[in-house]
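S.K.: Questions regarding the structure given below will be posed in turn.
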């Protein structure tokens, strides 16, 4: 398939209110729209219709019956929200395991008679394995299914928490912290995969915001919970708390978590072959009827992907992803460094008790929660508004080409088909607000560092901490949503790649924090990190300007490769058939 034959058709025609709302195909990235399908739109909510085309490739030889096409997902809004709660509850233990540990850093330091650098190592190794594990497990989730990997991850985490509660030496804590991180961290990436499996682009931003918001409750209240438990029952109680919570989570996941991977269950109506992918909940007649399990829609199954544990390394070559990795990674690492520094400063500079240190993490956590939930809702609103404007503009351009230039409708269609400027700019829609949030958070972190240096009142330190956190995690929601849009069939792998980069950077920054603070002071450290964050935002200008063209070019190459592979496979099958006939 030649490159000049692969481009997007226009988003044209009005929604027929008498027809059923049809969900847009949101599977593997494709590069064509059939003109016959342009008048088939979707409706994302009861109040406002967002119109999108049905995507298909010319390689499809059979014309689909769009009017009777199965929905993109059989999971309705209530079931999707139930999935969000289930995934968020699981992911909560990943975010909480880090935050709940911060208030007891000084306690661990005294308990095992170690230095500040050594106690920070227990945080560093957690971030390292939190980054590496999803990179490997994300590929498994994209190949074997979401459910088996989640069950394995929670089981490992459950065992590691029990081990940490019983640890007797510093070495045991370091090793078990590695195991704890490796166990639970993949669920964050897998949660993105689950949401990508059951949602369309128009609604995805909101669901990503919801699940991120619920997950960040661990960061918001983890330190408070850890401080309360430690001050009453000692530092070991925080790991018993995590063990009990993750044990309950494991039971719920075994019973209720469905498989959503589209190569295994399609739109949710296909029963998985492997029993490990089947949730006992699906045995109930009401659930079976809702998901159409007795009348499976096999046409919604997507091609299986080959298992590759190193798949994230290939994703790193994608320009859009590499730019997002740098920007989001540095921002997250700065926020994590500030979280670690806050515990040390409150204990040594302000001489606060463990319980009061936990309370001082509330502004950070609550502002982070507000940041993530608000940014997700903003993405949904922005998508609907920009898409509606784009459709109106496209209609105007079509009329201009017809009336002012004298082109026929067929000629106009060919012009629109072959000009990238007529394609809806999804990259700009997701990232246009990133600069403001990055600059505001950077200024907040710089002010936070200098408040510590000048020994400002505690309220000033906490206000700056909350202000920086209010904007620092917006880029994570923007980046995660765009990555899911770009790689809808490899969401766990792609988000695992993002997680790897941001966690390794966090480990590097936290590992250097103590020595940097000694030589540069905290004001100098966070001025440096703030400048680094602002500098990392510069490549976003390039992405906003050229992202649409880069994405389209990559899609065309991928479609050409798939078409070539398909033709080779067809020729091989035809040759084998002739050889069989000759026998």
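Placed from the backbone N, Cα and C atoms, the Cβ positions cover glycine too.
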S.K.: If you look at how Swiss-Prot annotates this chain, which of 52-72, 178-198, 262-282, 283-303 comes out as transmembrane segment?
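M.R.: Of the candidate stretches, Swiss-Prot labels 178-198 as transmembrane segment.
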S.K.: Labelled transmembrane segment by Swiss-Prot, one stretch among 354-374, 375-395. Can you tell me which?
M.R.: 354-374
S.K.: With pairs restricted to those 6 or more apart in sequence, evaluate whether the transmembrane segment (208-228) and the transmembrane segment (458-478) have 3+ C-beta pairs under 8 Å.
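M.R.: Yes, the transmembrane segment (208-228) and the transmembrane segment (458-478) are in contact.
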S.K.: Looking only at DSSP and grouping its letters into three states, which state does residue 267 (N-linked glycosylation site) belong to?
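M.R.: Note: residue 267 (N-linked glycosylation site) is coil by DSSP, not helix or strand.
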S.K.: What same-chain residues lie close to the transmembrane segment (148-168): Cβ under 8 Å, and 6 or more beyond its ends?
M.R.: 90, 93, 97, 137, 140-141, 176-177, 179-180, 182-187, 190, 236-237, 239-240, 242-243, 246-247, 249-250, 253-254, 257, 274, 276-277
S.K.: Around the Cβ of residue 267 (N-linked glycosylation site), how many other Cβ atoms lie within 10 Å? Please give the count over every shown protein chain.
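M.R.: I get 25 for this one.
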S.K.: Considering only the recorded stretches 121-141, 238-258, 323-342, state which has the highest number of Cβ pairs under 8 Å to the transmembrane segment (354-374).
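M.R.: Between the stretches 121-141, 238-258, 323-342, 323-342 has the largest tally.
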S.K.: Where residue 120 (N-linked glycosylation site) and residue 380 (N-linked glycosylation site) are concerned, what is their Cα separation in Å, rounded?
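M.R.: Spelling it out, the Cα of residue 120 (N-linked glycosylation site) and the Cα of residue 380 (N-linked glycosylation site) are 39 Å apart.
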S.K.: Which residues, given as numbers and ranges, are at least 6 beyond the ends of the transmembrane segment (238-258) yet have a Cβ under 8 Å from it?
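M.R.: Cβ under 8 Å, 6 or more out: 83, 86, 89-90, 93, 96-97, 100-101, 104, 146-147, 150-151, 154-155, 157-158, 161-162, 164-165, 184, 225-226, 229-230, 265, 268, 279-282.
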S.K.: Between residue 380 (N-linked glycosylation site) and residue 267 (N-linked glycosylation site), how far is it from one CA atom to the other, in Å?
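M.R.: Between the alpha carbons of residue 380 (N-linked glycosylation site) and residue 267 (N-linked glycosylation site) there are 22 Å.
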